[in-house]
Amino acid sequence: MIKIYDTMTRSLQDFIPLNEGKVNMYVCGPTVYNYIHIGNARSVVAFDTIRRYFEYCGYQVNYISNFTDVDDKIIKGAAEAGMDTKSFSDKFISAFMEDVAALGVKPATKNPRVIDYMDEIIDFVKVLVDKEFAYEANGDVYFRVSKSHHYAKLANKTLEDLEIGASGRVDGEGEIKENPLDFALWKSAKSGEVSWESPWGKGRPGWHIECSVMATEILGDTIDIHGGGADLEFPHHTNEIAQSEAKTGKTFANYWMHNGFVNVDNEKMSKSLGNFITVHDMLKSVDGQVIRFFLATQQYRKPVNFTEKAVHDAEVNLKYLKNTFNLPIQENANDEELEQFVKAFQGAMDDDFNTANGITVIFEMAKWINSGHYTSRVKETFAELLEIFGIVFQEEVLDADIESLIEQRQEARANRDFATADRIRDELAKQGIKLLDTKDGVRWTRD
């Protein structure tokens, strides 16, 4: 049985879906005002891998990941670029789709956009106002945190803890909010900004309400899994829970999953430190599969440390797996141990999707394959396990002239003409073909 570390309970929980054989997942997507950075990619890749493992286990997955296309940063960026907000966000949605495709990420079942759910957002806020979970003040609408009895349980905090922390804060909204912790559901329009008509005047939604509306509209009042980066635990996911459960009276999500950060040379990635790395730029020099494989080297909840060496190691290891995949089939080989590797891999992934341990099993399997156990059945299974990590290798086909050289070398060796055999081997090496003589015949890999 798959076990998931649930942030809400701070413990491993058996995964029991709402509907047998089906999984509903909602993962917070990007705010589309710039190219995604490697930290954003960690979340995308982690939850794509989790989705793929569910599908490998036979589940039908309804995977929803949104685009936040109404936001202060988008308004600011569009104004600086001299573009309207939709054209500006469209540009970075397209860039996002290109980047994640290069990382081998499967398309989501649906990528909802905030601008397509404005009526539903307004209706959601109206219900909260009617139930007195929210109040209007000067054209803004705020959620009344004091009515949410388990507010911030997800972040393992109490309302009292948060109120103490907020007591020294002063902001422009402080005078009109009942409580410093109350958060905006609807923001009144400012001059020159994009806005929509509402019962409280022209305005636009707050960030947190957007995900609650899209998740419940598409997946229903209660969903199986809600995921995102660890930075979203508070306040974003905390506020999603408060407003969603206030509206429906039901548990919003049964499992909360949060992925760890990406550090750069053991430092937090930030623009101020100058170590901010976008996937768009990284793809100019590093293959997308290498980036993805690097991100999978740690279990999704743990931080990943980005270094040039770590990426290089991922490239070398991926090349080894590719060369293993392209070994010649030996149908008469003994493959009885195959099920042991599959069982070990599933054990690793069932334990809260431990990709690090899963990859260890894959390398043990590759070593076993290289020792002469590569049947068609083994190759098919090897490919299935790699695909869970988004790794798909193409069959390597040698040019006819290279195949001819390999055959000529075999003839030279058979005739004990080792000088000719060595010359052909060196010639092939210059073309990137490395030969390995084994008791079962010659093998080749592309260097």
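Positions of Cβ are set from backbone N, Cα and C atoms, glycine also.
These features come from Swiss-Prot:
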type	residues	note
BINDING	CYS28, CYS211, HIS236, GLU240	Zn(2+) binding site
BINDING	LYS271	ATP binding site
MOTIF	30-40	motif ''HIGH' region'
MOTIF	268-272	motif ''KMSKS' region'
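DSSP assigns CYS28 (Zn(2+) binding site) to coil in the three-state reduction, placing it in neither a helix nor a strand.
Fewest Cβ neighbours within 10 Å among the binding-site residues CYS28, CYS211: this applies to CYS28. Within 10 Å of the Cβ of GLU240 (Zn(2+) binding site) there are 28 other Cβ atoms, across all protein chains. DSSP states for the motif ''KMSKS' region' (268-272), grouped as helix (H, G, I), strand (E, B) and coil, give 0 helix, 1 strand, 4 coil.
In the shown protein chains, 17 other C-beta atoms lie within 10 A of the C-beta of HIS236 (Zn(2+) binding site).
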